[in-house]
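Database features (Swiss-Prot):
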type: ACT_SITE; residues: 166; note: active site, proton acceptor
type: BINDING; residues: 49, 50, 51, 52, 53, 54, 55, 56, 57, 72; note: ATP binding site
type: DOMAIN; residues: 43-209; note: domain 'Protein kinase'
type: LIPID; residues: 2; note: N-myristoyl glycine
type: MOD_RES; residues: 197; note: phosphothreonine
């Protein structure tokens, strides 16, 4: 019993040390956001992966390295017209500052006269939503496997005072090893305390709301 308690305390200390270091790294990047780390002509556009109300996501290839990425292209005029400027700037600033295995990573960002570009790692497995719809339901071990990754990702985010605010199967991507990547930080925000804004996806709201 004593050994088990001591082991648990040691594991918690390791987690706390990791989160403390991660917070320091995040705060540095948060306070020193990267600007224009690439340009459009460095990428070859291959195909459209998805479209949204004010932009689209394309599969691109980096001409120099040959690496594939997902490029989110946001139309500036539509962002302004739909009053999404704050959300867009928040998304970019958060993505360039976070670093965790189960969160999608921003590799490059830049802009031109018409668009904002967020270039993220390409996650080839697609959305969890598609997999879940195909199989009907996950087994209990699968569900626990995925849930553990979501819990760890959100423990990391919440330790940085970040809230995602749009967790759903469509925003969970599955990589080539079968692990999750939380994506779409369009509603994400850094706050201390409560927020009073109703946001997210209506179909996933708690019934009592």
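From the backbone N, Cα and C atoms, a Cβ is placed for every residue, glycine too.
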TODO: Could you list the residues of the same chain, at least six apart in sequence, whose Cβ is under 8 A from the Cβ of the residue listed as 'active site, proton acceptor'?
DONE: 184, 186, 187, 188, 199, 200, 201
Task: Pairwise CA distance, residue 51 (ATP binding site) versus residue 197 (phosphothreonine), rounded so that it is a whole Å - done: 25
Task: Cα-to-Cα gap, residue 55 (ATP binding site) vs the residue listed as 'phosphothreonine', nearest whole Å - done: 24
Task: Shell of the ATP site beyond 49, 50, 51, 52, 53, 54, 55, 56, 57, 72, same chain only (C-beta within 8 angstroms of their C-beta centre) - done: 73, 74
TODO: Could you tell me which three-state DSSP class residue 57 (ATP binding site) falls into?
DONE: strand
Task: Cα-nearest neighbour of the residue listed as 'phosphothreonine' within the listed binding-site residues, 49, 53, 57 - done: 53
- [ ] Would you count the other CB atoms within 10 A of the CB of residue 53 (ATP binding site), including those on all shown protein chains?
- [x] 9
